[in-house]
Amino acid sequence: MTKMLAVGLMSGTSLDGIDAALIETDGAGHIRPIAFRSDPYAAQAREQLREAAALALSFDAPRPSPKIAAAEAMLTDRHVAAVRQLLAAARVEAGQVDVIGFHGQTIAHRPDRGWTWQIGDGAAMARALGIRVVNDLRSADVAAGGQGAPLLPVYHRALTAGMEGPVAVLNLGGVANITWLGAGEGELIAFDTGPANGLIDDWMLQETGSPYDAHGAFAARGTVDRAVLGAMLDNDWFDAPPPKSLDRADFTIQPARGLSAADGAATLTAFTAETVALALRHLPAPPRRLIVAGGGRHNPTLMKMIATATKITPEPIEALGWNGDATEAEGFAYMAVRSLKGQAISFPGTTGVAEPLTGGVTHRP
C-alpha cells in the first residue's frame, strides 16, 4: 500500500496543549514515527477554550457564536505554528507532507442529541501551510448513529498487531477510554470508561491553582473518602453496556466539595481507577496485558490505584517501544491517511455505528 508522510494534531479535553506528530504510514500495518513535539497552552488560551466549551454545552446544537469563532481562530493559529515548528525540527518541507490529521478541540460532545463539535478551521490551515488537511473526523460517525468516540482503536489495533490477545489499551486523557483487542481477527471493542485526568485537574486548579497533580503527589498524601467515592460510582452510566462515550463535563468535582485538598485529589484519583475496573466487566474476556497511553500514565498514584482495582499491572505504552505522549497525535495522522483512502476509522464494536465507516472532511490548499 502507498506510504504517506502525515502530521497528526491533537488538543485534548485536558486543555494542556497541542501534541503534533509526524509519521510515515500506509494507513494499515506500516507505521514509522519520525518526530513529535508538545506545546503547552498559556493560561489565557486554556481559559478561552474552557469558556468556549462552557458556552457550547449551553446550546441545543452547534450554532454561530463570536466567542467560539474567536477561540477557533486562536486554536487554528496555534496549531499552524505547531506544524511549522514540527516540520522545521524534522527538516521536512511542507511540500513533502501528504496530509495533516487535525482533530481540533472538542467543545461539546452530545451523540445522544445527534451532534459533536470540534472547533478548528481545516480550510484555513490548508491555505496557511499548503498541505491537505483532514478534520471533523467524528461527525460522520455520529450522523450515522454512532457515538463518535473513541476513534483511536483503529490505531491501537495497528500498534498491537502480533501481540497475543486479548490485549487492552487504556488511554488516560481528560476522559478515559479502553480498546479491547481479542485473539481473533476483527475482535475489536472500545468505549469510554469514565473521567480520567479531567476531574483531578479541575480539583487541583480549584484547590491549589495548579493545573494538574504532578506525579500524583497530592493524591498520595490524601485519604480516599469511601462515602464520596461510593456515591460517585452509584451511576447507571457505568452499568450501561458499550458502545458509550462521554463529554468531559458529564461528571464534575461537586461530590468532593468539603473534602481537604489532598483527600479530594485522592478520592477523585480513586474514582478514575475504580471506573476502569468497572469497565473490565463489559469485556468478553480479561486482557492478558493492560497497556496505558495518555498523560495519566505519568501519575504513579493513579497507576497504583488502577493495579489495585483491576488486579492487573498496567504497563505504560513505552513497553511496546512507543512514545506514549505522541500516541494520540500519531493516531490522527494515521486516521487522516485512512480517510484519504476511504478506509474505515470507526466500527460497530468501537462507536456502535452500524457498519465500518470512514470519516473526516478534506481541505485542499
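Backbone N, Cα and C atoms are what each Cβ position is placed from, and that goes for glycine too.
Residues or ranges marked as ATP binding site by Swiss-Prot on the basis of sequence analysis: G12, T13, S14, L15, D16, G17, I18, D19. Taking Cβ-Cβ distances under 8 Å and a sequence gap of 6 or more within the same chain, the neighbours of I18 (ATP binding site) are L9, M10, S11, S38, D39, Y41, R78, H79, A82.
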For G17 (ATP binding site), nearby residues of its own chain (Cβ under 8 Å, 6 or more apart in sequence):
S11, S38, D39, P40, Y41
Determine, for the ATP site, the additional residues of the same chain whose CB lies within 8 Å of the mean position of the CB atoms of G12, T13, S14, L15, D16, G17, I18, D19; present them in sequence order.
M10, S11, Y41, G173, G174
For L15 (ATP binding site), which residues in the same chain are close in space, meaning a Cβ under 8 Å from its Cβ, but six or more apart along the sequence?
Y41, R46, L49, R50, G174
Go through D16, D19, the listed binding-site residues, and name the one with the sparsest Cβ surroundings, counting other Cβ atoms within 10 Å.
D16
Counting every protein chain present, what is the number of Cβ atoms, excluding its own, within 10 Å of the Cβ of S14 (ATP binding site)?
24
